[in-house]
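Enquirer: Sending over a structure as structure tokens; questions will come in a sec.
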Amino acid sequence: MKYTLDDFARLIDHTNLHADATEADMKKLCDEAKKYHFKMVAINQVQSKFCSEQLKGTDIDTGAAIAFPLGQQTIESKVFDTRDAIKNGANEIDYVINITQLKAKDYDYIKQEMQEMVNACHENHVPCKVIFENCYLTKDEIKKLAEIAKEVKPDFIKTSTGFGSSGAKVEDVKLMKSIVGDEVKVKAAGGIRNSDDFLAMVRAGADRIGCSAGVKIYQALKCRMKDDHVDSIEIAR
């Protein structure tokens, strides 16, 4: 598949999830997303209204993080926060699973949580992304989560919050994609800091990339394509 520079830009969820992010930081994030035509800004739930207003009239989404970054909230509170974020302008949701229940092998809980979160999103025509936080999981746990997701069908499964002990890994993206196939998309996030990282994740099967280095990556890809005298890059999927 051939990707133009704008195609690459539309894979990027431009991210600022820091606790000390200011209103000026949020405005900068949105301005950059508009300038480079990124797909989404990824922000903490409380910033949903401000960012959605900044992005009004554009095709750039406001993505709210729910139960972030630990996932340690009840299903009811996650659903409430999801609906609240959507009410305040969020039109994509990224939530963190309850890792404690996964470790306890309470797969019914994980499935119920995923289903209720998908329902809360889809009743408002909003995509739902499920964050696994792979750095804390075994390969078998990643596989089990992906199998549950294949059944429940959120819009995306996602590698990481970026706040754990490590971020996205190529082998994890490949594993997740091998299980869900084309039925559920895969988002890679965490530690993706340059164009080589970015391209490696896309080649591995990532359909979306969450990163705070979106501008740097965009500019590096632009330079690479200019130097190679091409207007697109071929990536085998």
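Each Cβ is built from the backbone N, Cα and C atoms, and glycine gets one as well.
As the structure is a computational prediction, the values presented were derived from the model and not from experiment.
What Swiss-Prot records for this protein is below:
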- D94: active site, proton donor/acceptor (ACT_SITE)
- K158: active site, schiff-base intermediate with acetaldehyde (ACT_SITE)
- K187: active site, proton donor/acceptor (ACT_SITE)
Enquirer: Using a 10 Å radius around its CB, how many other CB atoms surround K187 (active site, proton donor/acceptor)?
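Expert: Its Cβ has 26 other Cβ atoms within 10 Å.
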Enquirer: With every protein chain in view, what's the tally of Cβ atoms within 10 Å of the Cβ of K158 (active site, schiff-base intermediate with acetaldehyde), excluding that atom itself?
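Expert: Taking every protein chain into account, the count is 28.
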Enquirer: Using the alpha carbons only, what distance in Å do you get between K187 (active site, proton donor/acceptor) and the residue listed as 'active site, schiff-base intermediate with acetaldehyde' once rounded?
Expert: 4
Enquirer: Restricting to the same chain and to sequence separations of six or more, state which residues have a Cβ under 8 Å from that of D94 (active site, proton donor/acceptor).
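Expert: Long-range Cβ contacts: A42, G63, A64, A65, I66, F68, K129, I131, K158, K187, G210.
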